[in-house]
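**Student:** Pasting a structure below so you can have a look.
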């Protein structure tokens, strides 16, 4: 510690993590190592097949490829430090390192929320204007939407971290969490946090809730478009197109099953946005719910996304079989 005014400023924090029991920590290490490896493999496979299979060179898979890359980044921001602390007795992180992690957690999480909104709009255009889909969702627009998602999220994260740099941290060092997030730092600050909290609140409301409302609006429009289709077969095909983004189930029949499949996707979206928003909007209290919300959006979601959006999709499964078929044939 070093003195600053009438108090001492700490140079590092202690991440208390998920458990203090060494045996439980060992089990958690194995669990999260498996989750991280599955996340890496699933998203890398998705990235690879989207790149090499010409049948997947469409806007939807263009966005899915970027979502997989984003999940690799988002998971790598949080899980390696979690694994390190589960094996280490000294679970420390420097103040600067903590703020860097805060920035990238916020940036990658914010980009994912934007990208999910973009993907919902993509499905709306595909269903409402199928004949004009290729013209509307041209490559220039798709690239612009992706870069816009990254740009908005990083600008948002930069503004939040710029305000947070004015905080002083003293005396208390313990963070009752496994990663650094702004809400967890406020109780440790011995300076006024109102400016940072207000910035975080406004950005969370505009960014996360704004994107969630855009997703809801897109799927409401999709629903009305589908219900306006006169033929049963056309309606079923439209639902099937919707489902390739919604739940990665390509072909199904019947309105009730279609609604059920769509609702399962919306449940996943709700879990992601709900956990992220609640984590950043709820006051820090050391509650286990804070850990659950953070685990949901920063660790579990990156692992599940390839399965939910991609790996159960018929086109993706065909591409995977072709890729591994060529690989096996090459080494025969």
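Every residue gets a Cβ built from N, Cα and C, even glycine.
Features from TrEMBL:
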type	residues	note
DOMAIN	42-309	domain 'G-protein coupled receptors family 1 profile'
TRANSMEM	26-49	transmembrane segment
TRANSMEM	99-121	transmembrane segment
TRANSMEM	141-167	transmembrane segment
TRANSMEM	205-229	transmembrane segment
TRANSMEM	265-282	transmembrane segment
TRANSMEM	294-311	transmembrane segment
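I'd like to know what surrounds each of these features in this structure.
**Tutor:** Residues 59, 62-63, 66, 99, 102-104, 106-111, 113-115, 118, 121, 182, 185, 189, 191, 193, 195-196, 199-200, 203, 207 of the same chain, all 6+ positions outside the transmembrane segment (141-167), place their C-beta atoms under 8 angstroms from a C-beta of that stretch.
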**Student:** Using a Cβ cut-off under 8 Å, which residues of the same chain at least 6 positions beyond either end of the transmembrane segment (99-121) come close to it?
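**Tutor:** Answer is 60, 63-64, 66-67, 70-71, 73-74, 77-78, 81, 93, 145-146, 148-150, 152-154, 156-158, 160-161, 164-165, 179-182, 185, 207-208, 211-212, 214-215, 218-219, 245, 269, 272-273, 276, 297-298, 301.
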